[in-house]
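Please read the structure below before turning to the comments.
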Amino acid sequence: MSFPPGIRRRFVVSFPLLLLVTSSFAVVATADGASQDDGPELPACNNPFKLVKVKIWVDGVEGEDLSGITASFGASLPEEANKSSKLPTVFSNPLNGCSNSSSKLTGSVALSIRGDCDFVTKAKVAQSGGASALLVINDNEELYKMVCSENDTSLNISIPVVMIPKSAGDAINKSMEEKHVEFLLYAPTRPIVDFSVIFLWALAVGTIVTASLWQEFGTSENSDERYNELSKESPNAGTGDDDDKEILDISVKGAIVFVITASTFLVLLYFFMSAWFVWLLIVLFCIGGVQGMHTCIMTPIARKCRNCPQKTLNLPLFGEVSIVSFVVALCCLIFAVVWAVNRRESYSWGICLMITVLQLARLPNIKVATVLLCCAFVYDIFWVFLSPLIFHQSVMIVVARGDNSGGESIPMLLRVPRAFDPWGGYDMIGFGDILFPGLLVAFAFRYDKAYKKHLASGYFLWLIIGYGFGLLFTYLGLYLMNGHGQPALLYLVPCTLGVTVILGLVRGELKELWNYSPELSSATTNLTGEA
């Protein structure tokens, strides 16, 4: 069961490629959400900013934990909950906490809102009132870094000072209506490396390796023809034409136009993205995913069932299809529906779609690869790091998070939950960060196969190693920049395209790689075999 060949080739390749590059925004961790610079370097105001967990009890019943961030001044919080104490919670009066409170703050966690005076003043007022800690409620959802001014040369703040987002303050305000609320504050340490990073690294590398080798272990002699017999999608199956195999060769012009189109599409998403528009993309993604999964499943079935008799059905729109193909398509459709319902879960991946796209799209030589990857390299860096200079925020990250779509986001991520991080969250990578280097790796595999190169003397193995190191460098950049989203192609392009160019120069094969043509290589191989 499959779409008509022409529609399938244009949709399954062109649309996913466009969507994948749009979401190619790098490895992104759940951001701390803190903004503003670190302030002046002062002896009493140079505490490292730490994320804080706020455990809450309402009338003795434990509620959902809140999150905050410490100030650059004040006492440190313990790293473990059992080393901290429950404290009653009291709103300052006045609420801005800028003057002595009429509410009794002794031995409690004082709550105040942001504004009207600086953070140091609020801390001094709370401390003079006997408070054991101060929680400042921000006026928006970002966690603002509370720093000192240049005039605060001598501070004597001995209580912890923490900022929480506006939504947390609203929840606390609602809980404290005629109820007894207690807080416990502590600052658990986030592990440098979580298991999720290793698993995500293996998923990304494994997807590229599988897509490159798929034609080897997924097909055999006459298996392409057998797949088409099972799917009943083309009367001309097995002729060997690129049109029948639905191969899309990417050209230099197409690579440039593609990235320009993707940038335009990204800007439109930034300005006009809404929940209904993201749902439209989700539906289209599901259609492409069904087709991709169907192809991945049917290809090995076609190999195993070369001589099996097939019963067929005559379906509207699709015509004659085999029962096997129909059952597989039905299972794929059910999987897509389940994914759509649970799209925010950690297992919501689209590896089959990427494998299919890497099978259908092809880089003919290094010249086209250089143009495509260099354009994608600039694209990634600009929309992550430079777009805030124009739009005042990172367009790529805003679109990926779905800030303007009611929490919905483009479904183009591999997302793995952090297993050992007390803060939870996910490590993620955009499909495009697998797809674009994957196109080059797949080309290297075809080139090595055409010239019968061994692993060490070829390019495929070295590009896989380069891609793996590129991802490691991406995660290192993510760590050094405190979880700020990284343009992964900044690291992946030099580690894949750069490795190819350097190896080509060293081996004296760069000119051949640059002008390589699959058709000429095939003809040369045939002539050599006949001779």
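Glycine too: its Cβ is placed from the backbone N, Cα and C atoms.
TrEMBL annotations: computationally assigned, not manually curated.
Among the features that TrEMBL reports, domain 'PA' is placed at 94-172. As annotated by TrEMBL, signal peptide applies to 1-26. The feature transmembrane segment is assigned by TrEMBL to 195-214, 255-272, 278-297, 317-341, 370-391, 428-447, 459-482, 488-506.
Only residues 6 or more beyond the boundaries of the transmembrane segment (195-214), in the same chain, are considered here, and those with a CB under 8 A from a CB of the stretch are 27, 296, 299, 349, 351, 354-355, 358-359, 414, 416-421, 426-429, 433-434, 437-438, 441-442, 444-445, 460, 464, 467-468, 471-472, 475. Contact between the transmembrane segment (488-506) and the transmembrane segment (317-341) does not hold: fewer than three of their C-beta pairs are under 8 Å, each pair 6 or more apart in sequence. The stretch from 278-297, 317-341, 370-391, 428-447, 459-482 with the most CB pairs below 8 A to the transmembrane segment (255-272) is 370-391. Among residues of the same chain six or more beyond the transmembrane segment (370-391), those with a C-beta under 8 A of the stretch's C-beta atoms are 21, 24-26, 250, 252, 255-256, 258-259, 262-263, 266, 270, 363, 397, 432, 436-437, 439-440, 485-490, 493, 496-497, 501. In terms of DSSP helix, strand and coil, the domain 'PA' (94-172) has 17 helix, 16 strand, 46 coil. Here the domain 'PA' (94-172) has a mean pLDDT of 86 out of 100.
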